[in-house]
Amino acid sequence: MQCSYPLARQLERSSALNNNLFQKAAIWLVIALVLFTVFKQFDKPRAQDSVTYSQFMDDAKNGKVSRVDVQGRNLVVSPKEGSKYTIISPGDIWMVGDLMKYGVQVTGKADDEPNVLVQALYYLGPTLLIIVFWFYMMRQMQGGGKGGAFSFGKSRARLIDENQNAVTFADVAGCDESKEEVVELVDFLKDPQKFQKLGGRIPRGVLLVGPPGTGKTLLARAIAGEAKVPFFSISGSDFVEMFVGVGAARVRDMFENAKKQAPCIVFIDEIDAVGRHRGAGMGGGNDEREQTLNQMLVEMDGFEANSGVIVIAATNRADVLDKALLRPGRFDRQVYVGLPDIRGREQILKVHMRKVPIGNDVDASIIARGTPGFSGADLANLVNEAALFAARRSKRVVDMQDFEDAKDKIYMGPERKSTVMREEERKATAYHESGHAVVAKLLPKADPVHKVTIMPRGWALGVTWQLPEHDKYSKYKDNMLEEIAILFGGRAAEEVFLNAMSTGASNDFERATKIARDMVTRFGMSDSLGAMVYVDTEQDGMFGKLSSKTVSEATQQKVDAEIRRIIDDQYALAKRLLEENRDKVEAMTNALMEWETIDAEQVNDIMAGRPPRPPRGAQGPNSGGNTPPGGSPVAPTNAPATARADETV
């Protein structure tokens, strides 16, 4: 029985392929037939204007013509010298007698009977070509889906039968609270009488809200898998097309199909593509989206009962959804699926490690502590990258070193070992990263330094990587001020030790300025401006979100002055710390020049005044380098908030 589904899918795929080939062959056959008919019609011999009838009769009289074939008014003349030509007879009744008198052989042929099919193709051929081309374009716009050009109103929802869906709650880890919120749906789908006897009504719609990659789709499939009911899956963008009314028709068709399979689950991924609040835009496309949303509102809670169909939707933009969509009776329950904590990350890692041969030295709890901020998708990618590292090294199992290398690659980008840079540029990068690391170690509330490297990775020439000791859910003023000082440690080290400035600190400045601005304008952390919000407000308008200024020019000048004060104070703090600890910066720079990468143990040795021990798997100074001047100073996009990624040029 396990082979029946793959075999059925293979037969279905083969049948679809054969149908597609047959349709293409039929189209090209029609085109070829029409073209052949047209060319044949135009291929008939035409009368030549170069020889007149009078000249032809003179040639016949002078014995220059041997034969004439008469076919209607067309005369095919065969001269004694030269090639045949055709002329049109003017209707001379004495012509045949004269030709025979001149000794010309005359033959007659009946006119060709007109072929009705050929004439029909000749006159209707262009119209047929236009119709065939129109059908072809309609199928192309529909992606070759079932039904062709007349399937616009058909739902694109994909039905996953209860016997095909093998996902259960055991496959979902790291979101125990979210699973508890939806377990009632499973009980209702298994035994609806239990709730109906007491007059209870199960939520008709559940909205899963959370960042990307946290397992919203997986949780919806697990609900259907646990309840053993059919599962319809569709994306919000599949409803709206270029033709008016298609979206509403697809919504109706989807719910009609779902009611036939009830009890069942309809899962709409990225519902914000069709469920955005109405009135925030203009134009035909916006009207079509609103019609689709209106139809969805009616289907979920209108005059007609929708018993047995539970709608589960997922989005990471719940703030843009229409209020009518979120009211009780439609999506009356919102379940937040957030980033997993350290325990959740450990559970997720163990789920994904089931499919990978793991070494005895691998500890999921240690990996979980070193991956704060990772989503479930990130952790799945981490396990996959570790397996790829092990495969490249021809290992039989995936060990802890493979996970460390995979984590470094995801956090900081892939190594660019082939990049070669001059010695002075490597040293400038080493001073820059040492400045970040030393300032981070000297500030009391900063996150511990996990690794420092001048090995080029991704867009960065060097990275100072900090990891928090535990998950953080809020920040305090002291933490944010220290974060700004750490960001300025790189530029301050360049000034103190090299008496120079590079473009490598540009990303540091962007992030430091943003933190300082948020402290003043959003979080009320300014003593002079007080606990007020000074950011521009946003409101819904005809063209979407519109922002308006809420502060005067004089107040804005005070805001800018306060941001400047915070920046200057933290830059001065970073510079003072480096000047007071020159020996530590020099020692760390020398260690980076020798090994290119040092970890937390070597950093602690240097800060304690001890010679740094050689790191495990130390790399020589010639194993890589930095990019030449002129490279982009932008940090890698996958660097976490606690990583310092800089490019020194």
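Cβ coordinates are placed from backbone N, Cα and C, and glycine is handled just like the others.
The annotation in Swiss-Prot ties His432, His436 to Zn(2+), and of the candidates under consideration, Asp361, Asp363, Asp378, Asp508, the one tied to the same site is Asp508.
Note on the binding-site residues Lys216, His432, His436: the fewest other CB atoms within 10 A surround the CB of Lys216. Of the listed recorded positions, namely Glu433, Asp508, the sparsest Cβ surroundings within 10 Å are found at Asp508.
Glu433 (active site) falls within a helical segment according to DSSP.
When the recorded positions His432, Glu433, His436, Asp508 are compared by Cα distance to Gly213 (ATP binding site), the shortest distance belongs to Asp508. Here Thr214 (ATP binding site) is compared against the recorded positions His432, Glu433, His436, Asp508, and the shortest C-alpha distance is to Asp508. Taking the Cα atom of each, Pro211 (ATP binding site) and His432 (Zn(2+) binding site) are about 34 angstrom apart. The shortest Cα-Cα distance from Gly210 (ATP binding site) to any of the recorded positions (His432, Glu433, His436, Asp508) is found for Asp508.
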